[in-house]
Amino acid sequence: MRTAYSVETVRAAERDLMARLPEGALMQRAASGLAAACADLLGRVYGSRVVLLVGSGDNGGDALYAGARLARRGAGVTAVLLSPERAHTGGLAALRRAGGTVSGTGGAEELIARADLVVDGIVGIGGKGGLRAEAVPLAEAAARARAAVVAVDLPSGVDADSGQVNGAAVRADLTVTFGTHKPGLLVDPAREYAGSVRLVGIGLELAAEAELEALQHTDVAALLPLPGAESDKYRRGVVGIAAGSARYPGAAVLAVAGALRGGAGAVRYVGPAAEAVIARFPETLVSDRGPRSAGRVQAWVVGPGVGDDAATVAEVLTADVPVLVDADGLRLAEPAAVRGRAAPTLMTPHAGEAAALLGVAREEVEAARLTSARELAERYGAAVLLKGSTTLVAGPGGGAVRVNATGTSWLATAGSGDVLSGLAGSLLAAGLRAVDAGSVAAYLHGLAGRFAADGAPVGAHDVAEAIAAAWRDVRD
Ligand SMILES: NC(=O)C1=CN([C@@H]2O[C@H](COP(=O)(O)OP(=O)(O)OC[C@H]3O[C@@H](n4cnc5c(N)ncnc54)[C@H](OP(=O)(O)O)[C@@H]3O)[C@@H](O)[C@H]2O)[C@@H](O)CC1
Ligand SMILES: Nc1ncnc2c1ncn2[C@@H]1O[C@H](COP(=O)(O)OP(=O)(O)O)[C@@H](O)[C@H]1O
Ligand SMILES: [K+]
């Protein structure tokens, strides 16, 4: 499991550790890891041109000490100081001793244009708001330059705790982060600014709960429901799919396609698209008598393509088993009916649907994805899976939010959300907790999207077909 901790938690751990270590030891650990990452990126350090962008805090100190290490290995290192009188004294002295030079911001853009590597030490976890005006031209010059850009701890200008980006920020090829990931490195839009992320251990002991968790292959493998010798189709769980309409029969077919690959022993379909479902998936149990009379299920999926069928949504919400609400179902569900449920609920909006539920503009949700997912989960007393390039899954009782980045932008194709709903519903029926079902489904769905696309456009049915390959890959 990869975890990310809040700045407050990092600060507390830093204080504890600093009290036990000689002064400056922590910064040396950070600088050593940073310099090693820079050297790897450069390939040949000797003779390379390195520009350090140095702000007034310890983030700039890290950059200066790392710059000194590179200078000792023969790099030509210049530090551009944003506030010369407040730059880290020890770091500056070390750089000078190693033969590095110092410049003000005048002429910095030409230096950046000629550099092989730009190290962004403008601001780290002490940053507030977007980049300040004097730093913006430097970030822009770095974006234009052919140099590789390495961000120290996090790209300057992004919010460490929320992943929000207010105004300009540095775009890095690599972020070298210290002690733990920060939420902003894993959540869009900030994640896009971070490039690849390298974690450098500095010995922090993080006592509090993580803000974010990102499942890895082994975590997912441990959660996958596997049949045993004593299994039969009912014990494995039956998932009910209430989806589709005369107008949107495809949503039903795609949700069933996802559900068949999710680990439930049987898929029961109710609704007006039974013929289309059976034609494609003859193994589906179909019924046209409505959810309540359809027979026992261990979880429901309601909503994809149901159009205006509010009655079906209301009926499913009265079931005493876990319910996944998606698409039209999110619009039609009575908030009180969701909040009043005793069994778990998993809501799966994309940003537009989340915005409608929260009564804000879509852009607001996209800019503040983490806060939005948490807010919805709290308001509805439900687990909330917020779709997008990084998918978030927040539980109703607070706690760490799961983040998933296995996907690919090829998944932005009509109907791929329906496949995800079926898959997650199937995992719910197999007995996974709502947050686990949502995050495991997002993980497999993202991988399946990658496998199916492999660099070319795909349809949602291709994604469904690749889910089996994603399972195998995870279990390997
Ligand atoms: N935690 C750890 O365990 C370890 C932490 N380490 C390192 O320390 C870093 C944190 O250092 P930090 O606390 O000195 O804060 P930092 O990020 O340099 O920023 C503060 C300065 O930036 C300025 N500033 C603020 N906002 C700004 C903006 N938007 N745009 C531009 N400038 C802005 C602000 O100015 P002021 O408001 O005072 O005018 C202030 O001077 C951390 O990220 C990591 O790299 C490692 O060395 C070892 C282990
Ligand atoms: N840029 C992207 N990168 C990765 N995944 C994406 C991206 N855009 C959308 N997705 C994923 O594709 C799926 C789209 O779902 P949704 O928006 O509900 O589409 P539909 O309603 O057409 O089925 C979600 O799983 C979402 O996370
Ligand atoms: K930085």
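The backbone N, Cα and C atoms fix where each Cβ goes, glycine too.
Predicted automatically and left uncurated, TrEMBL annotations should be read as such.
The AMP site in TrEMBL is built from Lys387, Gly388, Ser389, Thr390, Thr391 plus one of Gly359, Gly417, Gly422, Gly425, namely Gly417. Together with Asn59, Asp120, the K(+) site in TrEMBL holds one more listed residue from Ser32, Ser83, Ser156, which is Ser156. Using a 10 angstroms CA-CA radius around Asn59 (K(+) binding site), the binding-site residues that qualify from Ile125, Lys128, Asp153, His350, Gly388 are Ile125, Asp153.
Taking a Cβ cut-off of under 6 Å from any atom of ligand 1, the binding-site residues Asp58, Asn59, Ile125, Asp153, Ser389 reduce to Asp58, Asn59, Ile125, Asp153.
DSSP gives Asp120 (K(+) binding site) a strand state. Note on the domain 'YjeF C-terminal' (216-474): its mean pLDDT in the predicted model is 97.
Between the binding-site residues Gly61, Gly388, Gly417, the minimum number of other C-beta atoms within 10 Å of a residue's C-beta occurs at Gly388. Of the chain residues outside the AMP site list Lys387, Gly388, Ser389, Thr390, Thr391, Gly417, His350, Leu386, Leu392, Asn404, Gly407, Leu411, Ala442 have their Cβ within 8 Å of the site's Cβ mean position. Proximity to ligand 2 (Cβ under 6 Å from any of its atoms) holds for these binding-site residues out of Asn59, Lys128, Ser389, Thr390, Gly417: Ser389, Gly417. The Cβ centroid of Asn59, Asp120, Ser156 marks the K(+) site; residues of that chain outside this set whose Cβ lies within 8 Å of it are Leu53, Gly55, Gly60, Ala63, Gly121, Ile122, Val123, Gly124, Gly127, Ala151, Val152, Asp153, Leu154, Pro155, Val170, given in sequence order.
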